[in-house]
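Take a look at the structure set out below.
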Amino acid sequence: MIEADRLIQPQVQGQDELIDRAMRPKMLDEYTGQDDTRAQLKVFIQAAINRREALDHMLIFGPPGLGKTTLAMIVANEMGVNIKSTSGPVLEKAGDLAALLTNLEEGDVLFIDEIHRLSPVVEEILYPAMEDYQLDIMIGDGPAARSIKLDLPPFTLIGATTRAGALTSPLRARFGIPLRLEFYNVADLTTIVTRSANVMNLEIDEQGAIEIAKRSRGTPRIANRLLRRVRDYAEVKHDGKVSQTVAEYALDLLDVDDQGFDYLDRKLLLAIIDKFMGGPVGLDNLAAAIGEDRETIEDVLEPFLIQQGFIQRTPRGRIASQRAYDHFSLVRPEKA
């Protein structure tokens, strides 16, 4: 399994959630990046407000750390309603979901993170709640058991997932607004780093912010985490200001290279290059070679490497691209 303290891990770790909450934008106009998604949301939200209706149910999907929870909170703020948050693994029984649904007020947002991990029993309860705003509850046991229907106020369910394909078709079909989040570009991440530095009362110049953004793997959560570590270095070893030189030295010390790779990324790429002659290599063999599981490779390591063109996923397996060889200053062997 992947190490919990991996600095460039996109999943929440340590105090990330608490610190990220302080840095989160509250409204769409404060939100940086994801331009198409933002433009769509503005239209959908304004239309719902004009009609005085609850916003349609929304599925937000994409790699971890890109702001799915932040967007859900922004939607609630823009609509002027409350938000109740939970996650798929927490909702073990139908009663867990029923307790949340019956406490919603009209227009409220129910946010379920990792919605692909809902149990089938809980998912069945969710269908009529999403479609008809009704909750079917079984009263009693055995032959005397009977079903009663409770009316729910109109509400908005926002589901978030890193694995949209793992959702069942009936559940996926009930979301009227599907939104895919993409990795951020360096310019948008630079803006995010600068904004976060201002929240932290940290002095940072443009080149320092760019250097952190370049090594953040297109992910705001990683950018904010790297910024905090660079701040530590700047305060202890320098005058507390973050310049390009300070950022470069601190991140090199943290073993995050100029592509945002750490030892595990390099281990994966070099395994394909050295152990499997550049590929193709099957996922199971690759997982065994680097001592990680399939899910870690597919959900955590691969997306960024594929998006940046270092790995190609083919029907026969994974292949290291020319860019991967160039990164390590290696010559790509010619295939027979």
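Cβ atoms here come from the backbone N, Cα and C positions, even for glycine.
According to Swiss-Prot, the protein has these features:
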REGION    4-184  region 'Large ATPase domain (RuvB-L)'
BINDING   R24, G65, K68, T69, T70, E131, D132, Y133, R174, Y184, R221  ATP binding site
BINDING   T69  Mg(2+) binding site
REGION    185-255  region 'Small ATPAse domain (RuvB-S)'
REGION    258-336  region 'Head domain (RuvB-H)'
BINDING   R294, R313, R318  DNA binding site
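Taking the features listed in Swiss-Prot, we show where each one sits on the structure.
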{"residue": "R24", "record": "ATP binding site", "Cβ within 10 Å": "19"}
{"residue": "K68", "record": "ATP binding site", "Cβ within 10 Å": "22"}
{"residue": "T69", "record": "Mg(2+) binding site", "Cβ within 10 Å": "21"}
{"residue": "T70", "record": "ATP binding site", "Cβ within 10 Å": "19"}
{"residue": "D132", "record": "ATP binding site", "Cβ within 10 Å": "12"}
{"residue": "R174", "record": "ATP binding site", "Cβ within 10 Å": "18"}
{"residue": "R221", "record": "ATP binding site", "Cβ within 10 Å": "27"}
{"residue": "R294", "record": "DNA binding site", "Cβ within 10 Å": "12"}
{"residue": "R313", "record": "DNA binding site", "Cβ within 10 Å": "15"}
{"residue": "R318", "record": "DNA binding site", "Cβ within 10 Å": "25"}
Nearest-integer angstrom distance between the alpha carbons (Cα) of R318 (DNA binding site) and R221 (ATP binding site): 27
PLDDT averaged over every residue in the region 'Large ATPase domain (RuvB-L)' (4-184): 89
Nearest of the binding-site residues (T69, R294, R313) to R221 (ATP binding site) - Cα to Cα: T69
By Cα-Cα distance, the member of binding-site residues T69, R294, R313 nearest D132 (ATP binding site): T69
Where the record names R24, G65, K68, T69, T70, E131, D132, Y133, R174, Y184, R221 as binding ATP, the maximum Cα to Cα distance in Å: 37
Distance, K68 (ATP binding site) to R294 (DNA binding site) (CA atoms, angstrom): 24
The residue listed as 'Mg(2+) binding site' and R313 (DNA binding site), distance between Cα atoms, whole Å: 29
Assigned element (helix, strand, coil) containing the residue listed as 'Mg(2+) binding site', judged by DSSP: helix
DSSP residue counts for the region 'Head domain (RuvB-H)' (258-336), split into helix, strand and coil: 41 helix, 9 strand, 29 coil
Env. residues of DNA site, Cβ within 8 Å of mean position of R294, R313, R318 Cβ: G282, L283, L286, I297, E298, E302, I311, G317
